[in-house]
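What TrEMBL annotates here:
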- 24-46: transmembrane segment (TRANSMEM)
- 25-223: domain 'Cytochrome b561' (DOMAIN)
- 52-74: transmembrane segment (TRANSMEM)
- 94-113: transmembrane segment (TRANSMEM)
- 125-150: transmembrane segment (TRANSMEM)
- 170-191: transmembrane segment (TRANSMEM)
- 197-223: transmembrane segment (TRANSMEM)
Amino acid sequence: MAESSNQERRDFCLSSASCSRRSFALGMVAHAAAVVLAAVVLYTAWPGSSLFSWHPTLMVIGYGLLMTEAILMFSPESSLMINAMRKSKVRFHWILQGGAVVCAVGGFAAIYLNKERAGKDHFTSWHGLIGITTVIYSLVQSMGGINLLYPKLMKNWMTLAQLKMYHATFGLLGYALGCGSLALGINSNWFSREVEGVLWVVCLCCPAILALVIMQQVTTAYLGRRIKI
């Protein structure tokens, strides 16, 4: 009986260590994908070279870099502030998320004004439609995040655990929209014309990698938990 119990504990420890190493590896891949995608887009767009250049620049910084790091902040294996107190992680999370939303609004403003100057129609492609949906969703989701900063405002409607689960769930959906919009942008005429071959394929894979890694982290941390009603 004792041997069986000890064997179960050893198996559990080995399984936990294996999952931890896998999560660390996936997190590092996500960090790298975010940096690679941002670097390529920034080099290609060359921010400041034109009004349009600010659109891809701000969008990839907002969704590809800041929002990714804001979510990975809570990863127990691959956070860039892994030894920081949770309170500090929460503070940097909302600072990065706030920066991401500001970048998203700025990127939207840049493309809107650029099309106005060129006399072009707005939201005529899937990239445009998904993009505006993502920006609006991000604004609404950020408002919802305020409830977690001040949970007492919602104490009569739901528990803190429920607030966290709903924030994680809807946040994951918003991040997936952001990654989808980035992928559509990479498939746009402008980017396909500027970046070709293997590098284009690598850039196209980056949003998919980011979405999958963040999905794994969020579902493991929150959505698998039992929420008390």
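Cβ coordinates come from backbone N, Cα and C, glycine included.
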Answer key: the stretch among 24-46, 125-150, 197-223 with most Cβ pairs under 8 A to the transmembrane segment (170-191) is 125-150
Beyond a gap of at least 6 residues from its ends, the CB atoms lying under 8 Å from the transmembrane segment (197-223) belong to 23, 26-27, 29-30, 33-34, 36-37, 40-41, 64, 68, 71-72, 74-75, 164-165, 168-169, 171-172, 175-176, 179-180, 182-183, 186-187, 191
Sequence-distant residues near the transmembrane segment (52-74) by C-beta distance (under 8 Å, 6 or more away from its ends) are 27, 30-31, 34-35, 37-38, 41-42, 44-46, 80-81, 89, 92-94, 96-97, 99-104, 106-108, 110-111, 114, 131, 134, 171, 175, 178-179, 181-182, 185, 190-191, 206-207, 210, 214, 217-218, 221
